[in-house]
Every structure is written in C-alpha cells, then in structure tokens.
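Structure, as structure tokens:
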Amino acid sequence: MTAQPARFGDSILDEVILLLIIVASIIVFISLLTEKMGIIGGIISSFFKGLFGLGGLFLPICVIAYCIWMLVSEEKRYPFVRGIGAGLFLLTVAAFAQVLHPIQVAESLGFFKRCGVLYGAGAFTNGGLTGGLIGGGLDRALDTLGSVIVLLATGIISIVMATGKSFFHALGDANAHRKARRKVKNEKIKNKAERIRQQEELEAERQAKRAQRRRRMNREDFNIEVQENSSETPYVEETVFRKKPLILETKKREPIFDFVKENGAEAAVHREEKTEDVPKEAHDEKAAETPSIREAAAMPAEDVRKEAAEEQVKPQATESDAADALFAEIFAEKPREESISIDILPEEDMGKTVVPRKETSAAEEEIPIAMMEEETVEETQAEEAEESEEAAEAEDAKPAADIHEPRKETAPVEEERPYIFPPITLLGKDPQTGNGSNRSELFENARKLETTLKSFSVDAKVIQISRGPTVTRYELSPSQGVKVSKIVNLADDIALNLAASGIRIEAPIPGKAAVGIEVPNKETQSVYMRTLLESDAFKQHPSKLAFALGQDIAGNPVVTDIAKMPHLLIAGATGSGKSVCINTLITSILYKADPKEVKLLLVDPKVVELSVYNGIPHLLIPVVTDPKKAASALNWAVREMLQRYNDFAAHGVRDIKGFNKLMEEKGDEKGKMPQIVIIIDELADLMMAAPGEVEDAICRLAQMARAAGMHLIIATQRPSVDVITGVIKANIPSRLAFAVSSGIDSRTILDMVGAEKLLGKGDMLFYPSGQSKPSRLQGAFVTDQEVEAIVDFLKKSSKPNYTQETIDQITAAGKVGGAAEDSDEFFSQAVDLILEKEKASVSMLQRQFRIGYNRAARLMDDLEKQGIVGPEEGSKPRKVLITKSEWEEMTGAVPDEI
C-alpha cells in the first residue's frame with residue numbers, strides 16, 4: 001500500500017528536477033546569445049564559451065532535448081547511452097570549430113599555459129578549451145583533411161547514439177521515400193495524360209454529332225424553301241445556282257454564278273463584253289458535271305434580298321456549310337464591297353435577262369470621297385495661310401532689343417546649375433568571395449620559410465604575417481649576428497622551397513627591425529574602386545585632389561594627395577595597369593571635387609584611352625589627341641602658370657590657397673582659381689613628335705607649377721632614358737612603377753631594382769616624395785563600363801564649360817608649330833629678323849642668311865601663309881602684320897624678361 005505513493009512521489013520529484021534543468025538551460029542559451037542577462041549571464045557566457053567555444057551553443061539545446069525526451073517518452077530505453085551520445089556530439093562540434101578556425105598557440109608554452117590561452121580565446125568562432133585540446137591534437141596528427149573525416153564520422157556516431165536510430169536505416173528510408181514520391185508523380189502524369197486523351201475523344205464525338213445535326217437541319221430548310229417558292233413562279237420548273245471558282249481580288253471582273261433555266265427559256269448572263277444563251281441540254285450536261293450548291297426558284301430581286309437578309313439573321317446560316325455563308329455574301333455584302341448593283345426589271349422581263357452593273361456604282365461611291373479630299377486640302381491650305389500671316393505679323397512686331405539675343409546665348413543658364421556628384425551605385429560592389437588562403441596555409445608557409453633559412457645557417461623567426469590582395473608579406477626577425485644581405489641573397493632558394501613564381505625581399509622594412517619577404521598569393525583578389533571610395537580614408541580626406549590609389553599589403557586603403565606629390569610619373573610595361581590607374585585617378589576627382597575647384601587637361605596621343613571623358617564638366621578643353629596640339633597645350637599651361645604668378649604678385653599672396661582665401665574674403669567667388677591637373681597618357685609618343693618643346697614645358701611646369709595649383713601626371717610604357725630624361729626625373733619626385741621587363745627600366749623609374757619582380761594587373765610600387773623606400777600596393781580596378789556610366793551621368797546632369805579662347809590659342813599654336821616644323825630651318829630666325837626690322841623682303845633674307853633667291857622666296861611665301869607678312873607690293877617691302885608679343889603668344893614661347 002505504501003509502494004505506490006512512494007513511486008508517485010519519486011516521479012513528481014524527477015519531473016520537477018527535469019523542468020528546473022530545462023529552465024537553467026534556457027537561461028544559459030539566452031546568456032550565450034545576448035548580453036541582457038546581467039552579471040550572471042555574462043559569467044555564464046564567458047564560462048561556456050571558454051570551455052566549449054561553438055559547442056557551448058549546442059549544450060543547452062542538447063540538454064533541453066534530452067529532458068523533453070525523458071518527460072515525454074514512455075519507454076525510456078538506454079538513457080545513459082543517449083546522454084553519452086549528446087555529450088559526444090557536443091565535443092565533436094567544438095573540435096570541428098577548432099579545426100576550421102584554430103586558436104594559434106605558441107609551441108613553447110606549457111600545458112597549463114596553453115589551456116589558459118585556449119580558455120581565454122574561446123568564442124563561437126572556435127572550439128574553446130575542450131575543442132582546442134581535441135581538435136588541436138587531431139590537426140597536428142592528421143592535418144585538416146584527416147581531422148574533418150574523423151570528426152564527421154564521430155558526429156554521425158553521436159547522432160545515432162543520441163537518437164537511437166540507425167544511420168543506414170535512415171538512408172534506406174529516405175531512398176524508399178524518394179522512390180515512393182517518384183512513383184506517385186509518375187502515376188499522376190499517366191492519369192493526367194489518360195484524362196486528356198478521353199477528353200479529346202469526347203470532344204471529337206461531340207464535333208461529329210454537331211456537324212451531322214447541322215447538315216440534317218440544312219437539308220430540311222432547303223426542302224421547305226423549294227416548296228414555298230415553287231408556287232409563286234409556275235413557269236419556271238427549277239433554277240440552279242452553280243459556283244464558279246471564287247477569286248476575290250482579280251483584275252478581270254466576272255460574274256460569280258451562272259443562271260440557267262431548265263424549261264427551255266433563254267437565260268441571259270451578261271459579262272463585260274458578251275452574253276451567252278445556254279440551252280436546256282447544255283445545262284443538263286453541266287448539272288451532271290458540277291454539283292449543285294443551293295437551289296431556289298426564281299423570284300424578283302427584292303424578294304431575293306429579303307430572303308438573304310433573313311438567312312443572315314438565322315444562326316444556322318452563319319454556322320452552316322460554306323454555301324450558306326457564300327449565299328449571304330453574294331446578296332447582302334457584295335453589292336457594297338465590289339459596287340455591284342442589280343436592276344429591278346418588270347415582271348414580264350424577269351425571265352429574260354439579269355444584267356450586273358458595276359461601273360456606275362463605283363463611280364457613284366468615288367465622287368463623295370474625292371469631294372471630301374478636295375475640302376480637306378482647301379481647309380489645310382487655309383490654316384497654313386493663316387499661320388504664315390500670324391508669323392509675319394509677329395516678325396514685324398518684334399522690338400529692336402531682340403537683336404541682342406545672341407549675347408544671351410553666350411551665357412547659358414545651364415552653367416549656373418550646381419554640380420551633381422555621380423552616385424556610388426554606378427561602381428561595382430566587391431562580391432567578397434573569400435580570403436583566398438586559409439590560415440593553416442599561411443602558417444605552413446611560415447614554417448617552411450623558417451626551415452629553409454635554418455638549412456642555410458640563417459636563424460630567423462616569423463613574427464608577423466600580412467596578407468594583401470596580391471601578395472603576403474612574412475616579416476622575419478633575424479637573430480643577433482645575422483647579416484641582412486645573407487637573407488637577400490637567398491631569394492631564389494626561398495622561392496624554390498615555397499613553390500612561388502618569384503619573391504621580393506624588402507630588407508629592412510622601413511620603421512621596423514624586420515625583413516619583409518613578399519610571396520605571391522595563389523588566388524589574387526581585385527580591389528574594387530567602390531570599396532576605396534566608401535572608406536573613411538577617402539571620405540574624410542580634406543584635399544579635393546584625393547587619389548584612391550589601392551590597398552597595401554595589409555589590405556588597408558591607400559588614399560594620397562596629388563597636391564602634395566606634387567607631380568607624378570607613372571611607368572610600366574603594356575598591360576600592367578597604367579590606363580586603369582589613370583581612370584581611377586580621374587574617377588577619384590569626379591567623386592571628390594566640383595568643376596569650379598578642379599579642372600582637367602587630358603592629353604591622349606593614343607586617341608582611344610581618354611577620349612571617353614569628352615563632355616564632362618571638369619575638362620578645360622576637349623581631350624587633346626594630336627601630338628602637335630599637345631605640345632601647344634603644354635606651352636599654354638606654362639603661360640597660364642606665369643599669369644597666375646603675376647596675379648599672386650599683384651595681390652600679395654604666395655600660392656593658390658592664399659589667393660582663393662583672399663577672393664573668398666572679398667566675396668568674389670568667380671575670381672577663385674581652380675586647381676589644374678594635366679594628365680599625359682603616353683609621353684613616349686610626344687617626345688618623338690616634339691621632343692624639345694615637350695621636355696622644356698614639362699620641366700618648367702614641374703619646377704614652378706606647384707604653388708600655382710597645377711600638377712602633372714605623366715604615364716609612359718617605355719621607361720627608357722630617352723623618354724624619361726634626367727631633367728624630367730629630377731623635377732618629378734613622385735614615382736609609380738608597374739611591372740617592367742628589366743631591372744634597367746626599374747632603375748630608370750625608381751632609381752632602384754624591384755619593379756621587374758611585380759606581378760602585373762595593378763601590382764605596383766608607389767614611391768612618393770619624402771618616403772625612403774617604395775611601398776607595394778594593389779591598384780584599384782574600375783571597368784570601362786563603369787567609366788562610361790559615370791561619364792553618361794555627368795553628361796546628362798551638367799554640360800562642359802570649355803574656354804573657347806584657350807581652344808583657339810592651342811589650335812593656332814598647333815598650326816603655327818606644325819607649319820614651322822615642316823618649313824625651312826631658317827623660318828624661326830627669319831621671323832625674329834622681320835619682327836625686329838619691322839619690314840620684310842626677299843633680298844633682305846638673301847643677304848642675312850646667305851641663301852639663294854628661290855629658297856628666300858619660298859621662305860617668304862611660308863611667312864605669308866602664316867599671316868606674319870602681307871602680300872607683295874611690287875618693289876616695296878612687305879608689311880609686317882603681327883608684333884613680337886603676338887608671335888610669342890602664337891608659338892607659346894615665353895619672353896626672356898619674365
């Protein structure tokens with residue numbers, strides 16, 4: 001009697017304990033996911049994360065599931081085995097997380113210190129203490145692949161133990177379920193096909209019955225009609241309508257039916273030119289050959305029309321065979337469509353002739369249409385006359401002030417519209433497909449690197465690994481007494497042991513007591529322009545000439561200031577990324593600066609690279625593609641620079657910042673000077689076309705243009721000494737080197753080797769002024785489609801504001817320079833002589849230059865073509881049409897006294 005209450009009390013106590021365990025598990029689960037459980041929640045979270053890592057998240061779930069099973073299940077078979085299975089699953093998850101995302105622990109640490117590090121670093125991204133011990137041991141013993149296989153098998157075993165379900169039985173059940181579903185699907189398809197076939201058969205039977213019923217009803221109507229109509233005309237026994245071939249669109253009009261009488265009377269059928277008399281015998285022969293379509297007794301034409309109208313109203317006439325539809329068309333529609341009119345004859349003449357009259361009705365119908373067309377033409381002419389008279393009156397009434405309207409067009413309203421920056425969505429977004437290399441590979445390479453150096457008696461430790469988009473830099477700390485040059489000389493041996501295509505050694509790293517070994521990544525990543533423009537480094541940059549260059553080896557965005565360079569020389573082999581770099585530079589300016597603040601002067605001898613930017617509001621003039629005009633554009637830039645310095649001196653300021661600040665204080669916003677960026681995409685071609693003028697202009701700009709707010713960006717694919725001369729290198733301190741073919745070219749650009757080991761496709765060495773060594777970067781990438789989208793947006797939102805005076809000066813100077821270059825070698829000296837003497841004659845040129853008459857005469861003709869001297873006036877000297885200052889403006893030369 002006392003056993004049952006005791007057993008009942010035990011079951012209640014077990015149930016209360018299980019419910020308390022569920023509540024505690026819920027609290028642990030919430031504490032792991034959120035920080036809203038107070039101090040105790042934080043302690044619980046750190047404890048379970050440190051102990052199990054990711055497995056700590058599955059611990060309360062497993063405990064809750066086990067307790068619910070204990071409460072609900074009637075047969076609690078093997079509870080101990082199920083609990084062991086849940087625990088084993090928990091440890092497997094923790095070890096799996098450790099294998100995939102290991103916690104790096106120094107090998108020199110002891111066991112307890114290692115446990116402390118694992119516990120402290122525990123998080124949902126790793127396995128914590130237990131996962132670190134189990135997963136770390138498996139990783140060292142079997143590596144990553146073997147550890148994953150073992151842990152997958154362990155996880156399956158733990159699930160089988162926890163659920164009590166066989167793994168292979170579950171697979172079999174799943175396969176059987178899949179087969180059953182496929183069978184049911186096939187049966188549904190067969191049943192559907194059978195239903196469709198039955199429906200088609202039923203529909204065919206219905207159609208056949210419907211057609212048979214129609215034919216029977218048509219025959220009944222035909223018999224009734226013959227009996228009714230035969231009593232009205234007793235002198236005609238039968239009239240047969242036989243169908244001729246129906247041709248609706250023919251040039252030659254013919255009657256559609258033959259009217260034949262079988263009682264011997266004559267039937268006259270009038271075609272266009274002749275009438276045939278058909279006897280009864282001929283009709284009998286024809287009737288035997290051609291089947292009858294419809295039979296009816298002859299009746300007056302009015303009754304025939306009434307009968308046809310009644311046939312049209314009946315549904316049987318519209319849905320019956322072709323004879324009914326044809327009969328309705330003949331008597332109801334054909335007279336309107338083909339203009340056929342039937343004359344109604346007296347009753348005594350009914351049996352003789354039936355004459356179709358076609359031309360009369362056609363003419364009657366055409367008359368109103370022609371009249372309508374004539375009226376429409378007259379109305380249109382009248383309206384046009386009224387409009388022309390109103391326009392003439394408005395023209396006569398215009399005030400005299402309208403004469404000045406062209407002045408209004410010189411200052412269009414569109415120029416005052418504010419600049420709308422292009423949206424960032426025009427640029428592609430970084431898909432972020434992954435980091436390319438896992439951590440275990442990086443640590444394996446570091447171990448190989450240390451082993452390789454140790455085999456050559458070089459003791460060094462890897463202290464830091466920096467993975468970039470293209471290369472990974474391993475920073476080595478050599479021991480005391482190890483020469484840096486010894487590490488540098490082992491570059492080929494290190495590349496061999498790391499199975500790398502080539503490595504670059506930076507010894508030492510500026511600002512660090514370490515040697516950098518740069519190893520190419522097996523999977524490179526692109527640096528998207530949008531990523532750089534959205535970075536804080538670009539958004540918060542104060543300069544309007546901020547240039548989003550790319551990312552460094554550590555993956556950090558690199559944004560530089562063109563104004564601080566102040567000029568940049570870009571060089572590299574074909575396809576290394578120079579043009580893309582220039583596109584990123586221009587794109588950075590378009591996203592950062594207003595056209596009133598920064599202007600661009602683009603020189604593109606290759607014609608196809610920068611011409612896409614024609615029409616953007618930042619351009620001073622359209623993109624210059626002619627090498628002759630390019631030299632003139634550079635000379636114009638020199639004159640603009642000197643003019644700016646004169647303005648600075650007049651206002652007592654030292655640079656463009658001070659001048660613009662002074663204009664802002666005076667409230668003269670239009671008086672501000674924009675910064676000018678001059679971009680030359682291919683210097684080699686310009687140096688071939690006009691080497692002297694181009695080099696002199698570049699040197700003058702590079703020496704003096706910084707304070708005037710003018711900056712040079714020069715790119716070339718042939719970094720040889722005849723293109724990048726010593727004078728140009730001395731005046732352009734900032735360099736940007738892409739992949740080149742030899743160390744000689746690298747020395748030409750950077751004054752050191754290294755660029756020949758770059759990988760191409762945007763891999764570069766950036767060597768700005770003031771930096772001791774170049775930095776390796778991965779340049780930003782912008783596609784042609786993105787550039788076109790940005791340019792199209794700017795063209796639609798704003799218009800270019802070209803300076804016509806500048807365009808005229810450059811064009812004129814280009815023409816003068818080209819003509820002077822093609823003419824005599826004494827041309828420039830002859831111009832100086834004529835402008836100094838202020839008179840011109842052929843004999844003077846002969847005496848001064850000791851040349852023959854023919855050569856002097858040709859020289860004088862060239863001077864006349866250029867507009868320097870006037871035409872000949874007999875024996876008088878020719879007039880000089882320009883002054884010396886005007887000639888200097890045309891050629892872009894600078895006076896000696898400035």
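Just so you know, glycine gets a Cβ as well, placed from its N, Cα and C.
Here's what TrEMBL has on this protein:
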- 16-34: transmembrane segment (TRANSMEM)
- 46-72: transmembrane segment (TRANSMEM)
- 84-103: transmembrane segment (TRANSMEM)
- 115-138: transmembrane segment (TRANSMEM)
- 144-162: transmembrane segment (TRANSMEM)
- 182-215: coiled coil (COILED)
- 267-288: compositional bias 'Basic and acidic residues' (COMPBIAS)
- 267-293: region 'Disordered' (REGION)
- 377-394: compositional bias 'Acidic residues' (COMPBIAS)
- 377-418: region 'Disordered' (REGION)
- 395-418: compositional bias 'Basic and acidic residues' (COMPBIAS)
- 555-747: domain 'FtsK' (DOMAIN)
- Gly572, Ala573, Thr574, Gly575, Ser576, Gly577, Lys578, Ser579: ATP binding site (BINDING)
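Positions of the features from TrEMBL, shown on the structure.
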residue: Gly572; record: ATP binding site; Cβ within 10 Å: 27
residue: Ala573; record: ATP binding site; Cβ within 10 Å: 20
residue: Thr574; record: ATP binding site; Cβ within 10 Å: 10
residue: Gly575; record: ATP binding site; Cβ within 10 Å: 13
residue: Ser576; record: ATP binding site; Cβ within 10 Å: 26
residue: Gly577; record: ATP binding site; Cβ within 10 Å: 26
residue: Lys578; record: ATP binding site; Cβ within 10 Å: 24
residue: Ser579; record: ATP binding site; Cβ within 10 Å: 21
Can you work out whether the transmembrane segment (84-103) touches the transmembrane segment (16-34), with the criterion being 3+ CB pairs under 8 Å where the paired residues are 6 or more apart along the chain?
no
Can you list the residues of the same chain, besides Gly572, Ala573, Thr574, Gly575, Ser576, Gly577, Lys578, Ser579, whose Cβ falls within 8 Å of the ATP site's Cβ centroid?
Gln717, Phe738, Ala739, Gly760
Check Ser579 (ATP binding site) against DSSP and tell me helix, strand or coil, would you?
helix
Quick test of the contact rule: Cβ under 8 Å, at least six residues beyond the ends. What residues does that give for the transmembrane segment (46-72)?
14-15, 18-19, 21-22, 25-26, 28-29, 32-33, 79, 82-83, 86-87, 89-91, 93-94, 96-98, 119-120, 122-132, 162
Same-chain residues at least 6 beyond the ends of the transmembrane segment (115-138) whose Cβ lies under 8 Å from its Cβ atoms:
49-57, 91, 93-99, 101-103, 105, 109, 146-147, 150-151
In terms of DSSP three-state secondary structure, what is the assignment for Ala573 (ATP binding site)?
coil
